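As written in TrEMBL, here are the features:
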{"type": "DOMAIN", "residues": "1-162", "note": "domain 'Fungal-type protein kinase'"}
{"type": "DOMAIN", "residues": "178-314", "note": "domain 'Fungal-type protein kinase'"}
{"type": "REGION", "residues": "431-495", "note": "region 'Disordered'"}
{"type": "COMPBIAS", "residues": "434-443", "note": "compositional bias 'Basic and acidic residues'"}
{"type": "COMPBIAS", "residues": "444-459", "note": "compositional bias 'Polar residues'"}
């Protein structure tokens, strides 16, 4: 693990498992690991010597390193670096890596293995080069980014380079490629515009609320372009260009899990484990219910809108101030902690949260002004009838009636987005008033321990998912595992 996390241009890693008499070659890559059969080093010393020589090679590609990334090392420390890829014209070009800021790396080996390189072009403009490994069934991110060119509020791509490597090419011909646990992954590199930091690095209430509003606008624009994001989260919202006051204050990024759509819904039943429990809608969480009492339903834009609500909740329940995460926000019975639990617990907790008569503000840090708290409450009340409507529709037996009611619900698509954006506009106007961003008066705490209860659980949802299964599929070891993406599977690593 540490080899992949410290050597960011590592494509694969090989080593020997050695005993007094036997040796096996161990190979690790983004599809997992495999071991060769044992070789007796006394009966077959030539093979043993060949293995040692191969692992001692001075050729970077033989050792599993991506040679398009080169480092300048001084006194054992990387002081400079370059990365080579194709530009907008398809010409290979070398960019200088930025050494003043850490690069971003996924902390899971068997996964997409995302690495975001920070670089600059000859003019000094900052860019991002994103390396990722996708499974064969997954549509490449650059397909969505190509379609999203010119869409306001969404990350912009300059160029891409596909099929840089495949894990099946790193295995011997005798390998069992039909094994259930093996999923071939293809590496691509995408060059994109560089934006500000992620939403959790806000410097003021206003900056956070504006960024979230503009990300919702970006999501709306993306849907108009025929793309549904499906992975709305804190990490996937960045602040706009720090060097410019023009353009959106928030940018929606990471289209790895997106889907091409022709309307308000995905149209087809697809993998619902995309995203994490913390941000998933009640409907998405309930999709895993195997009970015959509810009808399956494709993911739609309302699920993503609900995810934006939970991002807002993460902000106001999870932070005590600028750069100050709440120490107990994800402990015990705290609201956010419950949303990270198994599907059943997360579903019940979110359904109860939506159904409360009034927002429980005691557990919201006083740093957040009344304008922000009222925004959260208004957004919550807006989502409740939509969530309930989808639940009621899915409980119906007549498929034609279900479809008709869903079409009626989707007829209000533009109105839904406009209503949510209007709520954010009102909150921003409130923050702009003199004293509008002032902290609220501290309310009496009923229980300040990490085990504090969330609002009373007086509402249940019709779900029979009692096993809380977390069995991962090939694409969600990083991409969609229930509770690994809350700033834990993606870290910044210095060169």
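Glycine residues also receive a Cβ, built from the backbone N, Cα and C atoms like all the rest.
Remember, TrEMBL labels are computer predictions, not curated facts.
Taking DSSP states H, G and I as helix and E and B as strand, the compositional bias 'Basic and acidic residues' (434-443) has 0 helix, 0 strand, 10 coil. Away from its own ends, the compositional bias 'Basic and acidic residues' (434-443) comes close to residues 204-206, 361-362, 364, 366-371, 373 of its chain (Cβ-Cβ under 8 Å, at least six residues beyond either end).
Averaged over the domain 'Fungal-type protein kinase' (178-314), the predicted model has a pLDDT of 88. Residue counts for the domain 'Fungal-type protein kinase' (178-314) under DSSP (helix as H, G, I; strand as E, B; rest coil) come to 42 helix, 22 strand, 73 coil.
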